[in-house]
Amino acid sequence: MLQPINVSMESLNLITLAPMLVAIAGGLIILILDLINKNLHKSLYVMLTILILVIDFGATLGLNVNERGFFDVMLIDGVSIVSQLLIIVASILFTPLALTSKRFHEYSYPEFFALFLFMVAGFQFMVASDNLILIFVGLETASLSLYTLIALHNRSNSYEAAVKYFTMGALAAAFFAMGSAVIYALTGSIELYRVADVLAARMGETGLMIAIFGSSVLLLVAFAFKLSLFPFHTWAPDVYEGASAPLAGYMSVVPKVAAFVVSIRIFGMYIDLGVEWVRVVILVLAVLTMTLANLMALVQEDVKRMLAYSSISHAGFIIAALALDTTEGTTAIFFYYGLFMFTNLGAFAMLWMSRHKNRRFNARFDHPYEKFAGFIKIMPMGAVIMAIFMLSLAGVPPFSIFWGKIYVMQAAVNSGYVWLAIVMGLNSAIAAYYYLKLVVYMFLKDPVKDVDTVYYNLSKPLMAVVGFAAVATIAAIFYVQPLVSYIYYMISASGY
């Protein structure tokens, strides 16, 4: 006879679900409002989305470190809290970019904002669990929403970008599912902390090591797709080019933060178990990714594609910190992205500000270098701000990403990987060329005579976001130490 199962509300610890429930409820509220009144202005949806994200931020801050909830599938540790805060802050920065002076129809759809909030919830589920099924559900929820958001830009290359991203995402999901199935077959569990205990007790068995090799390869391929690591990066430039500029900037930060968290949990477990070849493969992928992406960025004719390859290179830079498997290395991942999101979102937002009619500068690209020729004479403050973002991405002191690069290289040296720090330094020098190339165009080239080919998509909310990102980039020297201290405390409290 079946026995009744008694589950107390206290044991469920539903507070661990609060941030995700806020985002999901917010998306449903937006859809209900649209059903009630079809004529609401997009500014209402923007403000409502920001309000929901602020509440989500508060709910995340209120979580206690190292708690489990909802049948133990939710894991609230320092890694999950820090990554959720990064995801929410980047989402808050992105949302006002919908309030442009020119009309872009995707932002007039309430479905856009509802899908956006569902996507945020999906990423939060990914980072707040060590249960492989819930990670997969969060991954697919976020990915399916993101594919749709790309396609809503409603241009032929946007549809192409959405299909490419969907295809690559489906492949990554298949590899993740197969890798997870191998882990379950080996251990009888889908919770990573239990998986680690079972594998530790059986290390040394020949058959087990072969199976671990198989699962590791499958999962490495899955996350190489998601993080756009070499040689699984080829989709990224085309997808970034087809997406709207703000969404491309968002994609360069938030999905990667979520993927890094899951990678830390899975590959950190393998490295801790002594599967040293996983560390070696990650280091090789890191070096190849940052180097080849930088070389490809050198020959790009379009600023947006250059920034796409730049984002790939930065992902390669950061994946090296994961291979270190130290508290300092893990801290470096979140510290770097905490600085990177302001600069990169700001740079993509600057592309959103200036557009050229009928592609007169270039038949293929929306943002060719020629469009920015003499930008200092046409839009002086815009040129200065864009130069700040480029100098920061190049790692020039005292701008924000300089401190991130220094911290990552310091973590590598402290772990005994001096050669890795040297490779990082050389790649930063290569990258400086293509960032400074745009600065040269803006400050030293003459503007195109027919200035009417360019129009400016300016609005006060957009200028506020770009201004805030610029201030955060310049003033990093004043908050890097508190930020590092907070992240280090949260990471060490989680045992990483």
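Placement of Cβ uses the backbone N, Cα and C atoms for every residue, glycine included.
Since we're looking at a predicted model, the values are computed, not measured.
What Swiss-Prot lists as transmembrane segment is 12-32 (among others).
Feature annotation from Swiss-Prot assigns transmembrane segment to 43-63 (among others); the stated evidence is sequence analysis.
What Swiss-Prot lists as transmembrane segment is 108-128 (among others), and the listing cites sequence analysis.
Tertiary proximity for the transmembrane segment (132-152) is limited to same-chain residues at least six positions away from its ends with a CB under 8 Å from its CB atoms, namely 73-74, 106, 109, 111-112, 115-116, 118-126, 158-159, 161-162, 165-166, 169, 173, 176-177, 180, 183-184, 190-192, 226, 239, 242-243, 247, 251, 255, 258, 262. The feature transmembrane segment is assigned by Swiss-Prot to 132-152 (among others).
Remote same-chain partners of the transmembrane segment (166-186), defined as residues 6 or more beyond its termini with a Cβ less than 8 Å from a stretch Cβ, comprise 132-133, 136, 139-140, 143, 147, 195, 198-199, 208, 211-212, 214-219, 221-223, 225-226, 232, 235. Taken from Swiss-Prot, the feature transmembrane segment covers 166-186 (among others), and the record attributes it to sequence analysis.
Residues or ranges marked as transmembrane segment in Swiss-Prot (evidence: sequence analysis): 207-227 (among others).
Through the fold, the transmembrane segment (257-277) approaches residues 79-80, 83, 86-87, 90, 123, 126-127, 130, 135, 138-139, 142, 192, 195-196, 199-200, 203, 212-213, 216, 219-220, 223, 226-227, 318-319, 322-323, 325, 330, 333-334, 337, 496 of its own chain, all at least 6 residues removed from its boundaries and within a Cβ separation under 8 Å. The transmembrane segment feature in Swiss-Prot is assigned to 257-277 (among others).
Summarising the annotation, Swiss-Prot assigns transmembrane segment to 306-326 (among others) and lists sequence analysis as the type of evidence.
Among the features that Swiss-Prot reports, transmembrane segment is placed at 333-353 (among others), with the record citing sequence analysis.
Within its own chain, the transmembrane segment (383-403) is flanked in space by residues 310, 314, 336, 339-340, 342-344, 346-347, 350, 372, 375-376, 428, 431-432, 435-436, 438-439, 442-443, 466-467, 469-470, 472-474, 476-477, 480, which lie at least six positions past its ends and keep a Cβ under 8 Å from the stretch. For 383-403 (among others), the entry in Swiss-Prot reads transmembrane segment.
Annotation source Swiss-Prot lists transmembrane segment at 416-436 (among others), citing sequence analysis. Tertiary neighbourhood of the transmembrane segment (416-436): same-chain residues 283, 286-287, 290-291, 294-295, 297-298, 300, 306, 310, 313, 317, 320, 324, 390-391, 393-396, 405, 408-410, selected by CB-CB distance under 8 Å and a gap of 6+ residues from either end.
Look at Swiss-Prot and you will find 464-484 (among others) tagged as transmembrane segment, backed by sequence analysis.
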Q.
Using Cβ distances below 8 Å and needing 3 or more such pairs, separated by at least 6 in sequence, tell me whether the transmembrane segment (108-128) contacts the transmembrane segment (333-353).
A. no
Q | Residues of the parent chain within Cβ reach of the transmembrane segment (464-484), under 8 Å, 6 or more residues beyond its termini | A | 93, 96-97, 331, 335, 338-339, 342-343, 345-346, 349-350, 353, 385, 388-389, 392, 398-400, 402-403, 407
Q) Taking residues 6+ outside the transmembrane segment (12-32), which of them lie with a CB under 8 Å of any CB in it? A) 45, 48-49, 52-53, 55-56, 59-60, 62-63, 67-71, 74, 76, 84, 88, 110-111, 113-118, 120-121, 124-125, 128
